[in-house]
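Shown next, in structure tokens, is the structure this report addresses.
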Amino acid sequence: MYRMQLLSCIALSLALITNSAPTSSSTKKTQLQLEHLLLDLQMLLNGINNYKNPKLTRMLTFKFYMPKKATELKHLQCLEEELKPLEEVLNLAQSKNFHLRDTRDIISNINVLVLELKGSETTFTCEYDDDTATIIEFLNGWITFCQSIISTLT
């Protein structure tokens, strides 16, 4: 219950810090969008890692594809391609004791942010790693990607 308020507080703090930094407006916008994407991914991961999640072991059986090397915003195309399977796994895991609030809204937010960040380029083809990832590895991988890109913008 308080987690959502804490994440909102962090998001607002990051927005204030970002807006006061002496960077170009497009860089500020990109950084802010990445920070929102990061928070959405962390919210999903926190919900999955919740100790009350009785379906975690089932969720871990589903596999996701990760890009071989994600270092640029265009690689977000790979995340976009895995959003539908991610949403389906999250919806399967819903139960009386475990419910990721607003899963559809979070996935929708992620999709909008990814589309804005990667731009309209649709010719990029993802090269996926040979090994698949669990849902936790998948989310952690994209969280690390966001943190890495944010660190290069500051």
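Positions of Cβ are set from backbone N, Cα and C atoms, glycine also.
A quick note: this is a predicted structure, and the numbers were derived from the prediction, not measured.
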Item to check | Of the candidates Cys9, Cys78, the one sharing a disulfide with Cys126 in Swiss-Prot | outcome: Cys78
Item to check | Per-residue Cβ crowding (10 Å cut-off), top of disulfide-bonded residues Cys78, Cys126 | outcome: Cys78
Checklist entry - Quick one: what's DSSP say for Cys78 (disulfide bond), helix, strand or coil? => result helix
